[in-house]
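Here is the structure we will look at, set down as structure tokens.
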Amino acid sequence: MLVHAHPDDETVSTGATIAHYAAQGVEVTLVTCTLGEEGEIHVPELALLAATEADQLGGYRLAELDAACAALGVTDRRFLGGAGRYRDSGMMGLETNKHPRCFWQADLDEAAAHLLEIMREVRPQVVITYDENGFYGHPDHIQAHRVAMRAAERATAEGFGPAKVYWTTVPKSVLEAGVSAFAESTDNPFAGIEKVEDFPFGTSDEEVAARIDATDRHEAKVAAMRAHATQIPDTSWLYSIAGNFGSEFMGVEYYTLAVGERGPGDGPHGWESDLFAGLPS
Ligand SMILES: CC(=O)N[C@H]1[C@@H](O[C@@H]2[C@H](O)[C@H](O)[C@@H](O)[C@H](O)[C@H]2O)O[C@H](CO)[C@@H](O)[C@@H]1O
Ligand SMILES: [Zn+2]
């Protein structure tokens with residue numbers, strides 16, 4: 001089970017992992033907490049769908065999410081509390097954070113109860129969400145973390161909690177490699193980043209628990225990114241990195257382990273290569 005804040009997060013941060021396991025026939029449930037109503041629109045002819053205009057972007061991004069799920073092989077896609085229950089809160093500090101229906105204003109126990117119902121039905125062995133900073137500090141990501149961890153705690157207390165809970169991350173060694181690889185590039189997606197500490201995310205290699213190599217599924221991730229055209233334009237830095245790093249960038253995703261025991265791993269830091277490592281098959 002993956003708990004994500006907006007349509008496109010499932011693809012950008014865990015798309016290769018999803019495609020990897022879905023292709024193996026693993027049951028994958030995606031829970032998305034908002035419709036992404038406050039997002040940017042990188043498709044000019046759709047500009048009037050914006051929140052400040054017709055306010056129809058959420059419905060459009062629902063369709064983008066379904067197309068991305070088809071590309072990744074996800075067949076069980078849910079919205080927390082039902083489609084439209086929680087509104088995209090916008091970036092931290094904006095007036096949209098005060099919208100009465102926005103996810104940032106949600107009652108934590110009520111939102112966790114919605115997720116607990118899905119957990120009670122699906123009984124996930126493994127849950128993936130964000131760290132306490134929501135990976136990069138977006139209010140909906142922070143709230144998705146809080147709701148997922150609260151629901152997992154309550155599921156465990158009721159006897160059907162996940163054996164493992166992972167948080168998305170990127171090792172600092174990978175960030176350093178990216179910064180140096182693009183240092184001389186005119187199309188440098190890391191422009192302005194002098195050192196790893198300048199990123200609002202990143203984990204020391206020692207703290208990383210799992211490296212999921214899904215390079216054989218990186219085309220599925222790119223196809224899913226294309227489905228999120230309002231959020232990821234053809235000029236996105238994601239594509240320029242993919243063009244330079246290819247499947248290594250698009251097809252490898254990393255996680256820290258927040259709940260549960262690490263399974264067998266390899267390499268200098270004992271990174272798991274399977275999120276189900278150590279669990280009974
Ligand atoms: C990946 C992610 O979480 N995207 C969110 C995020 O989008 C950012 C936002 O539009 C910002 O204004 C841009 O400068 C930035 O590049 C975007 O990543 O926040 C949106 C509003 O909450 C959300 O809809 C989108 O899914
Ligand atoms: Zn997001």
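Glycine is no exception: its Cβ is also placed from the backbone N, Cα and C atoms.
According to TrEMBL, the feature Zn(2+) binding site maps to His6, Asp9, His141. With a 10 A radius on its CB, His6 (Zn(2+) binding site) counts 27 other CB atoms from all the protein chains.
Within the same chain, the residues at least 6 positions away from His141 (Zn(2+) binding site) whose Cβ sits under 8 Å from its Cβ are Ala5, Asp9, Tyr130, Asn133, Gly134, Phe135, listed in sequence order. Shown in sequence order, His4, Ala5, Asp8, Ser13, Cys33, Thr34, Tyr130, Gly134, His138, Asp140, Ala144 are the same-chain residues outside His6, Asp9, His141 whose Cβ sits within 8 Å of the Cβ centre of the Zn(2+) site. Around Asp9 (Zn(2+) binding site), taking its Cβ as the centre, 29 other Cβ atoms fall within 10 Å, counting all chains.
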